[in-house]
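> Below you will find the structure I want to go over with you.
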Amino acid sequence: MTSPRRTFAIISHPDAGKTTLTEKLLYFGGAIHLAGEVKARGQNRRARSDWMKIEQQRGISVTSSVMTFESGGITFNLLDTPGHEDFSEDTYRTLTAVDSAIMVIDAARGIEAQTRKLFEVCRLRSVPIITFVNKVDREGRPTFELLDEIADMLALDVSPMTWPVGMGGTFEGILNLSTNQIARPEGDSRTFQGKTEAAPMLPDAVAEEIELAQAGYAAFDAEAYRNGDLTPVYFGSALKDFGPADLIAALSDYAPPPRPQPAEPAPVDPQEKEVTGFVFKVQANMDPQHRDRIAFMRLCSGTFKRGMKLTPTGHGKPIAVHSPILFFAQNREVADEAYPGDIIGIPNHGTLRVGDTLSEKADVRFTGLPNFAPEILRRVVLKDFTKTKQLRKALDDMAEEGVTQVFYPEIGSNWIIGVVGQLQLEVLLSRLDAEYKVAAGLEPAPFDTARWISAEDPAELKNFTDLNRAAMAKDRDGNPVFLAKSAWEVGYVQDRYPKVKFAATRER
Ligand code: GDP
């Protein structure tokens, strides 16, 4: 029998402590034995790629990865999401492949812009959230203020599971509210080294706070948490080892195992025998000499066995997956078997795309993996006109990876790219140069936003496209797209053409 799975992501604003927490979860989960290894490994890996110099310069991570560890008989799959303020669809899509998330908040800063944005994506998918208020070893905001802010800004019930006894200079430990045990700091480093105490004497002020909190906040309710209506809140310090063990226990005890996934013709239950999964991310090989890609597939049902043939729904022939990759924290291991909730990397030469469903029989299709409306549009200007073909290949490749979107206008030869964050523009130029040897620049486009259009009556669609040819383009897959000068224009044409549907996202 296979062990239960917990597939989750950590969401946070940059600097809240995601990397530190990841490292400690892997450490406490027994996957690594030296703190610092996560970053060190990351840097080795990054050094291999030219375009990832951006990451090094900015000290950020543009790509996501997958880390697997086992603890207490449970297999944890941690999907990393870039924490930078600018992110691509990659981040959103990674969140479509998890069953739950940990939200890390800096105790001195509370809910920040990025936390909120990522939280909204989780809510869209009903992904339940465990909250971790980090850095209580430093002076932070009052505990009640933090809890109320989470409740107000995210419209969630909060249920404190642990309580900080002092913060910063007065920090004396973390009290577990259900067991009444306190974890104490020890030694000069003031770290947690296993020292606990039952029914401790607390300063009066803290005892009062706790009494108030227990009367004032919702008691933990596992079902409300799993429905995404309530978040259990843990306090701690990833740096000083307070919290990681609590979080592993919380994931084990409360976080949902793999759930049925939305699909057509019917949702797919993890118990189903047939192997199914969907690709939520495609990553070009770090080695610019090779054009191999790795498609990251989340397994949704069945037992995957190495060598198995899987068919991408809607296009392509069955592909035999001879060398799938599992992502263990220490190194990548070749997978022989994988189970629902697991992520496998499938090497391929560009046949697999983000949003693809893979299955043994090819009669299902997972839904709800949206293409997001690009928020920034730019015209690509080629500096060497003999490189048109290479440019097209590069833009198609990157669109396929879900890094950028590409639009080919009906009129004129200026291709347009769309991204969700500014940083993707730099990544694009840098990769064009390093991987495809194409020198290009970006210019403002005369458009501000894009909408995928459709209509029940083909005549209506044709009428619309004929009358608006100057604003029409095709996406990578040949779907018609209307490029608008402003959100206002979208509203305007929508009113004038009620039979045409304008979609800000395109589901695949
Ligand atoms: P990320 O950007 O969210 O991945 O954040 P990092 O894990 O890189 O942490 C950002 C900074 O906060 C680093 O300097 C960490 O050492 C520091 N940090 C992380 N966790 C804690 C904590 O619990 N206490 C304190 N005092 N600092 C922390």
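Keep in mind that glycine also has a Cβ here, set from the backbone N, Cα and C atoms.
The GTP binding site annotation in TrEMBL covers 12-19, 80-84, 134-137. The domain 'Tr-type G' feature in TrEMBL is assigned to 3-259.
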> So which of SER12, ASP15, LYS18, THR81, VAL136, listed as binding-site residues, have a Cβ under 6 Å from an atom of ligand 1?
SER12, ASP15, LYS18
> What residues, ordered by sequence, lie under 8 A Cβ-to-Cβ from VAL136 (GTP binding site) and sit at least six positions away in the same chain?
ALA107, PRO164, MET167, GLY168, PHE171, ILE174, PHE235, GLY236, SER237, PHE242
> On average, what pLDDT score does this prediction assign to the domain 'Tr-type G' (3-259)?
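That region's mean pLDDT is 85.
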> Using all protein chains in view, find how many other C-beta atoms are within 10 Å of the C-beta of LYS18 (GTP binding site).
24
> Of these binding-site residues, SER12, ASP15, THR81, which scores lowest on Cβ atoms within 10 Å?
ASP15
